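Report on the following structure.
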Amino acid sequence: MDRAFCGNFYYNGKFDYLEVTVKDGVIESIKKDAGNIARSYLPGAVLPAATDIHVHFRTPGETDKEDFSTGSLSAIFGGTTLVMDMPNNIIPIKDYNAFSDKLGVINGTSYSDFALYSMETGSNSLIVDSRSIGLKVYLGGSTNAAGTMAIPDQEAEMINEKGFTVIFHGELEECLRKHQSETKNLREHNLSRPIECELAAAGYVGSLNLKSKIMAHVSSPEVSGDFLREVTPHHLLLNDEMPLGSIGKVNPPLRDRNTQERLLYAYISGQFDILSSDHAPHTEKDKAEFEYAKSGIIGVETRIPLMLALVKKKILFLDVLYKTGIERPPSIFGIRKGKIEVGYDADFMCVDFTNEKKVNEDRLHSKLPRSPFNGMDAIFPSHVVMRGEVVIDNYEEISDPLGRFVPKGYYDQKL
């Protein structure tokens, strides 16, 4: 049914009362008075809902850790209506068949809209599924992925021809092998995967003749080059001096406090392009003993709420959060989300800046919600709208899984 959503929308860099009409899940008009039409009033400050371009929801193959139902439910509770899932499953998503099998398992289970990456090995661009939202390259080994040592020029040309964005796990394998050692705490893990491995990867990625490339989860402000830079809340807010144990073990590692604080300063100064969660859950057994614990931190539900608390404290400008967590991520992939604009999906989140809470891991919706952010200040959205449908109402989930698969080029086809 056509209707207008009415409230104080974040529009052109400020909050203003607007009546936003929606037809078939898409914004049709933006007015002060929408006229004779059914209205739904949204409380608080109304922002476009967010996009997280970097999650690991573990479907298929490791659903004891997470599945798309629990992962996507966590996403919408955190104000995120589109997630992009990584390809490092037990059976890596390297070709059409693996991609189709994964999509078949996920369809009908996701609460948020979703897109899927394929893994780039340096020689497989001809056989990856054309619906892949992008390609992921692991320059250094990580969970379920060996390091890809190089992308030949001919492969880069093919990637450009197919129009793929490439996102890099930016730790160079040769450097990681050089520094490999036993680690029994966060400090030792940091030293075993030092910043120099990211710097080496940055030099390589910057040299590649790729039209669209992203360096994932940058952990130090010195890591820069001819690419977009993604940053995560855990590298912004946590460091290796905190008593987090294996819950804080992640790749790239949490850095020392000085590096973490400089990274946060760079982010709040507007020096980064993308804010993602790198949501990567593991079982209690996987995290039991630090030396053998698997790397990964959950964060899809807390990514935006943690940053909203920084906005309230006047540490972070809302516009920086808006650009990095909401507007820019979908725009990189040609997806019409993240703006209050005609022709964009009607995805909104309502924020009550007076309702700040402590993160309580027992109330998170991930399958195994042990969070390194437990006890930190956060502001969760009270209401979330996805394509004109209210999916979170007064902090409660009220919808069935309505998530839609978003293949590469989907929004081009709708023009």
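Residue numbering: from 1, along the chain as shown.
Cβ coordinates are placed from backbone N, Cα and C, and glycine is handled just like the others.
In Swiss-Prot, the Zn(2+) 1 site is described by His54, His56, Asp278, and among Lys136, Lys184, Lys358, Lys367 the residue recorded at this site is Lys136. Swiss-Prot annotates Lys136, His217 as Zn(2+) 2-binding residues; of His169, His189, the candidate listed for that same site is His169. For the substrate site, Swiss-Prot records His56, Phe57, Arg58, Asn88, and the single candidate of His234, His235, His282 listed with them is His282. Geometry remark: His217 (Zn(2+) 2 binding site) versus Asp278 (active site), CA distance 7 Å. Taking the Cβ of Phe57 (substrate binding site) as centre and 10 Å as the limit, one finds 32 other Cβ atoms among all the protein chains shown.
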